[in-house]
């Protein structure tokens, strides 16, 4: 499956010269709820300021021209394999886009999602949001083999392959392009537990989604724009069953249509598209939300009387605005805690550390 920046304002503490008696008494007594709230607010500010600094630092160390001299054939090779894979199966474009998203949200864009289990850790592929769901690993293997062949050696990281493949998939299905910043390195470990705790859930409401993305240094505009990736692809019955049978903010005709292929019991892996054009990058996803035809609870949460309604309406009628914001948010997401320089490694095999 977007946000504006946040400003934090806190009143400056009184100086020593102007401290009132009540303030001096307060400093010697147990912290009050107000003081604790102020401390928590400042801690929250520092955490998110740190995330923004990490994103900025990563952005400066990555470059769209990173492989220009090392292996100028790398990006054309990735594009060739992606286009062939999407031509064979249109759904693959959405799958490759999702791989990049689910990789970046778990300890940054470091290719950890691609690692198979070892005695030291369990693969992130087994996390709740990934198990029997994320796919396209064979295509990544094909890309890696072709890139290493044309470059003569392993110089392109698996993390960079995910980022470029996501962009090329969107373009192959009629969407916008953007300059992918490159130079990421691959992690040597993965964490299923972390994936379980940080990947956004299909059952999240808007406040939970906002917090989830904020924890990654992403804002509400990023949330809505990146959720627009659901203009591509499909979902399994067990993920949206509760919504089509129990939700009140759903178009009755749409619910009836989805129930036809998703019974109350059984059919867990039956597929349904996020919108009527699952192999075309367009604004139909947002038009559906305005009509209360969002497939997932987390989809419809973006247009349900909350702070993101206005942006959904804008995207539903302005493809250029959506394309522009989606590209910007993909670049921003690609900067999350990436390994650079001497950190990590360039894997020879994307499925295991060297």
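Using N, Cα and C of the backbone, Cβ positions are placed for all residues, glycine too.
Taken from TrEMBL as is:
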type	residues	note
DOMAIN	61-354	domain 'Plant heme peroxidase family profile'
DISULFID	71-151	disulfide bond
SITE	98	site 'Transition state stabilizer'
ACT_SITE	102	active site, proton acceptor
BINDING	103, 106, 108, 110, 112, 124	Ca(2+) 1 binding site
DISULFID	104-109	disulfide bond
DISULFID	158-350	disulfide bond
BINDING	200	substrate binding site
BINDING	230	heme b binding site
BINDING	231, 275, 282	Ca(2+) 2 binding site
DISULFID	237-262	disulfide bond
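Location within the structure of each feature annotated in TrEMBL.
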residue	record	Cβ contacts under 8 Å, 6 or more apart
103	Ca(2+) 1 binding site	109, 110, 111, 112, 113, 114, 159, 162
104	disulfide bond	216, 333, 334, 336
106	Ca(2+) 1 binding site	112, 113, 124, 127, 190, 191, 194, 195, 198, 199
151	disulfide bond	70, 71, 73, 74
158	disulfide bond	111, 114, 140, 144, 186, 347, 350
231	Ca(2+) 2 binding site	274, 275, 277, 278, 280, 281, 282, 283, 284, 285, 286
262	disulfide bond	237, 240, 241, 244, 270, 272
Residue from 98, 102, 108, 200 whose C-alpha is spatially nearest that of residue 230 (heme b binding site), among the recorded positions: 98
Length of the line joining the Cα atoms of residue 200 (substrate binding site) and residue 98 (site 'Transition state stabilizer'), in Å: 12
Protein Cβ atoms within 10 Å of residue 71 (disulfide bond), excluding its own: 18
Check: same-chain CB within 8 A of Ca(2+) 1 site center, minus 103, 106, 108, 110, 112, 124: 102, 104, 105, 107, 109, 111, 113, 187, 190, 195
The domain 'Plant heme peroxidase family profile' (61-354) [mean pLDDT, rounded to integer]: 98
Of 109, 237, 350 (the disulfide-bonded residues), the residue whose Cβ has the fewest other Cβ atoms within 10 Å: 237
Between residue 108 (Ca(2+) 1 binding site) and residue 98 (site 'Transition state stabilizer'): CA-CA distance (Å): 14
Non-site residues, in chain order, whose CB comes within 8 A of the mean position of the CB atoms of 231, 275, 282 at Ca(2+) 2: 228, 230, 232, 274, 276, 277, 278, 280, 281, 283, 284, 285, 286, 288
Rounded Cα-Cα span from residue 102 (active site, proton acceptor) to residue 108 (Ca(2+) 1 binding site), Å: 9
Cβ packing number for residue 108 (Ca(2+) 1 binding site), 10 Å threshold: 21
Under 8 Å by Cβ from residue 102 (active site, proton acceptor), counting only residues of that chain that are 6 or more apart: 113, 124, 129, 130, 134, 195, 199
